[in-house]
Amino acid sequence: MDVAFESPYWKKFQYICGVDEVGRGPLAGPVVAAAVIFDRYFEPSGILEQIDDSKALRHETRVLLSSEIKKQALSFSIAEISPEVIDEVNILQATFLAMNQAIEQLSPIPEFLLIDGNRFKTTLPIPFETVVKGDSKVFSIAAASIIAKVHRDNFMINLAERYPEYGFAQHFGYPTKAHIEAIKMFGRSKVHRKSFKLSCLGEK
């Protein structure tokens with residue numbers, strides 16, 4: 001992926017920030033957002049030319065890319081929102097909260113935001129544009145999706161040591177058949193989202 005999408009924005013702004021989230025759909029664990037700024041007129045080379053939507057990449061490639069993105073980015077930030085907060089405010093608002101926290105932690109402060117998706121609610125006076133399927137179109141959004149995905153996967157792998165009965169290291173909290181069977185057998189843990197109801201278990 002190249003930086004063709006960012007190029008016209010760099011003519012107006014120095015600090016363009018790509019933002020994406022991962023973990024909206026799982027039954028357990030946090031929603032995670034990442035924000036990434038590259039130098040103005042940055043040209044990806046080497047392994048960074050492989051950057052794509054994180055879902056389209058092999059795990060090993062994502063890990064390598066995440067490390068290299070962190071080295072070459074001007075600034076990056078990651079934010080987590082817990083299952084408790086997700087249950088309190090709903091997953092959409094929790095996603096906005098994660099994205100805003102990631103943006104607020106950046107230095108320098110971005111001048112323009114490119115947000116994956118079709119809507120966003122900002123807490124900062126920074127102009128933005130939402131891009132549907134931005135993680136497959138926009139270099140900086142794809143980079144954010146990769147570091148968010150790797151961060152969350154590692155988080156869930158660590159959780160698997162505390163809650164081995166749920167198989168988090170295999171499905172990362174997503175509603176697979178094995179995960180639903182584990183919930184049926186053991187109930188929900190402290191890291192499960194109580195507001196995500198399973199009709200197959202008779203929950204309403």
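Cβ atoms here come from the backbone N, Cα and C positions, even for glycine.
Going by Swiss-Prot, these are the annotated features:
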- Asp20, Glu21, Asp116: divalent metal cation binding site (BINDING)
- 14-204: domain 'RNase H type-2' (DOMAIN)
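Overlay of Swiss-Prot annotations on the structure.
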residue: Asp20; record: divalent metal cation binding site; CB count, 10 Å: 31
residue: Glu21; record: divalent metal cation binding site; CB count, 10 Å: 27
residue: Asp116; record: divalent metal cation binding site; CB count, 10 Å: 27
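Looking at the domain 'RNase H type-2' (14-204) alone, the prediction's average pLDDT is 96.
Listed in chain order, the residues near the divalent metal cation site other than Asp20, Glu21, Asp116 are Val19, Val22, Ala33, Ala34, Met99, Ile115, Gly117, Gly134, Asp135, Ile141, Ala144, Ser145, Ala148, each with its Cβ within 8 Å of the site Cβ centroid.
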